[in-house]
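Chemist: Below, the features straight out of TrEMBL:
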ACT_SITE  TYR51  active site, proton donor
BINDING   HIS109  substrate binding site
DOMAIN    20-260  domain 'NADP-dependent oxidoreductase'
SITE      LYS76  site 'Lowers pKa of active site Tyr'
Amino acid sequence: MPQAPLLTLNNGNTIPAVGFGTYPMKDQEVETAVKAALLTGYRLIDTAASYENEPGVGNALQASEIKRKDIFLSTKLRGAEQGYDKARHALDASLQRLNVEYVDLYLIHWPLPAQDLYVESWKAMIAAQKEGKIRSIGVSNFQEAHLERLIQETGVTPAVNQIELHVDFPQTSMLAVNKRLGILTQGWTPLGKGLMDNPTLVRLSEKHNRSPGQIMLRWATQLPAIPLPKSGNPDRMRANLEIFDFTLDADDLAAIAKLDSNNRLGGNPDTYEEF
C-alpha cells in the first residue's frame, strides 16, 4: 500500500508528509472513513474538538490492527476552551473522547486575538506535553505576530502551524515565516474549491498522467507543506497518497504560481472568532 514519507519536526519527532482530514464528517461516517484511510496507508489522522467527531475517530483507531505508536493522531483546542485551566480540561476531554492516552500533535485551532487567551492556552499545552499527554504542540491559523508572541513569552516554538493552503491561496509570506522560525507547515483545504477544471492544472495533469488533485497535493508537498486532503472514497484516498513518485519541475511550479488569486476560503485569523 502507498505510504507517505516521514518529515522531522523541530523537536525531533517525525510526522507523515500527507495526512487525512476529517472535517466535516460526523459519527459513523468518520469512523468508516478513518478505517478506510488507515487500510489505504494513511498514518496521519487530523481531527479537532470543534469537528465533534473525535469519538468516531477513536473508534476507528481502536478497531484498527495498526499499533497506536504507528499512527500520528492530531486534534485541536476549540475557541471556547482557551485559557490555561480550560485548555487543560479540554485536552483531557479530547483524550477521553478519542480513547487514547496521548495525542501526537495538539494544536490551538485559532488564535482568537480578541479573546487574547492563546498564550495562556499555549502554557497549558507546554505543561501537558511535559506530562506525556502530547508528543508535539503546535498551532493552526496563526499569523506572524501571534507566533512571535508565543515564542517571545514562553520560549517554546510551535512544531506545526496548520494554515489554509491551496494553489489560488498559496500563503507565500506565511510559508516563509514558518520556515524562518523552524515551524513545519500543514495545509487545510489543499484542493481549494472549484479548481479541478482549471486549464493549467488540467494541462499539468495530462503532462504527468495524474489527476488535477494529485498535481495540487504534490505542489503542496514540494513547498514543502503537509496537505490534509479528505475523502470518503477509498479510490480517491489512495490517489491522494500516490503523489511521491513524480516531481513537478520548475516550469510546472512557475505555471502554478500564476494561479495565486489571494482567494481565502476560510476566516481571517486576525478577526475570526471560533467558539
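Each residue, glycine too, has its Cβ placed from N, Cα and C.
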Chemist: Far apart in sequence but close in space: which same-chain residues, 6 or more away, have a Cβ under 8 Å from LYS76 (site 'Lowers pKa of active site Tyr')?
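Modeler: Counting only residues 6 or more apart in sequence, the Cβ neighbours of LYS76 (site 'Lowers pKa of active site Tyr') under 8 Å are THR47, ALA48, ALA49, SER50, TYR106, LEU107, ILE108, HIS109, SER140.
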Chemist: State the count of C-beta atoms found within 10 angstroms of the C-beta of the residue listed as 'substrate binding site', not counting that atom itself.
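Modeler: Step by step: centre on the Cβ of the residue listed as 'substrate binding site', count other Cβ atoms within 10 Å, giving 22.
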Chemist: Where does the residue listed as 'active site, proton donor' sit in the DSSP three-state scheme?
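Modeler: Looking at the DSSP assignment, the residue listed as 'active site, proton donor' belongs to a helix.
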Chemist: Only counting partners 6 or more residues apart, tell me which same-chain residues put their Cβ under 8 Å from the Cβ of TYR51 (active site, proton donor).
Modeler: THR22, TYR23, PRO24, MET25
